[in-house]
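*Asks:* What follows is a single structure, and I will ask about it in a moment.
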C-alpha cells in the first residue's frame, strides 16, 4: 500500500506507523533507552510475580501481582512493534492488529488505574481501621475487587475499536506515532468522529477522574489518621508503609497528566515531543513500579536477599 498522504481508500488493510516523526535518523539510538526500560520492566515484574513467601500473601501482595501482570501486558503491547520500527523499519501494521493494540493499551491502562485505587483502599483500611483489616479484605473480597477492576477496564474500552472500525478512512493510512494511539487513529477518518471523541473524554473522566478522586479521599483520611498518632516515630513508620504506593501513584498519573496537557494545550510543542511523552507514560511506570516496591517494602527486600544469599551459598 502506498505511503502517500493522498492515498484514496475506504477500508485500509494496513496502517503505517511513522515512529517518532522528525527523529527517524536517531531511531536506532533512541531504541537503546527503550530497550533498557523494557528489560528492567520485564525482569522486575517477573521477580515480583515469582516471589513466594507466606508473609507476602496478603491483599497488598495480591494487588501488587495484579499490577505486575498489568504492567507486563501494557509495555509488551507497545515495545515489540516500536523496536521493529526502530531496528528494521517495519512500519506496517494490519488494520485489525492496530485496533487490537489500541484496545489492549487503553484497557490495561484503565485496569492499572483501578488497581491503584484498590491498593489505596487497602492502605486506608490498614491504617485507619487496622483491627478490621483482615476481616474486611478477605481473599474472596480481594478477588471480587480484582474482578470488578478488570471488568471495568474491559467493558469501558470495548467500544473504542468498534467505533474506530466503523469510520471510513479515505485521507491517509499514515499514523505519526510509534503505536496505534486512539485519537491518532480516529483522526485519520474522513467522517464526523465526535462520537469517538466524546466517548473517549467520558471514559477519561470516569476512569482517571474518579480514580484520582477516590485515591485523594483515601489518602486524605490516611494522612489525617497519621497526624493523630502520638509520636513522631510512629507517624514516620506509618507513613513509610504508604510511601511506596504514593510513589507508584505519582509515577503513573503525573506523566499521563503531562502528556494529556501538552496534547490538549501545547499546540506549539513539537510532534516528536508529544510522541515521546505518550510513550513515557506507558513505559516508565512498568519499569519503576517493581523497583519502588522492591526498595520500599521490607518483606520483598528480605525475600530477595534470602533468595540471592541462598543461591550464593
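In case you wondered, yes, glycine gets a Cβ from its N, Cα and C as well.
Pulled these from TrEMBL:
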DOMAIN    41-293  domain 'G-protein coupled receptors family 1 profile'
TRANSMEM  28-51  transmembrane segment
TRANSMEM  63-88  transmembrane segment
TRANSMEM  100-121  transmembrane segment
TRANSMEM  141-163  transmembrane segment
TRANSMEM  203-227  transmembrane segment
TRANSMEM  239-261  transmembrane segment
TRANSMEM  273-295  transmembrane segment
*Asks:* Looking only at the recorded stretches 63-88, 100-121, 141-163, 239-261, 273-295, which one has the largest tally of CB-CB distances under 8 Å to the transmembrane segment (203-227)?
*Replies:* 100-121
*Asks:* Tell me whether the transmembrane segment (28-51) sits in contact with the transmembrane segment (100-121), defined here as at least 3 Cβ pairs under 8 Å among residues 6 or more apart in sequence.
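*Replies:* Answer no, regions not in contact.
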*Asks:* Report, as numbers and ranges, every residue of the chain located at least six residues beyond the transmembrane segment (141-163) whose Cβ falls under 8 Å of a Cβ in that stretch; write 'none' if there are none.
*Replies:* 59, 62-63, 66, 99-100, 102-103, 106-111, 114-115, 117-118, 121, 182, 186, 195-196, 199-200, 203, 206-207
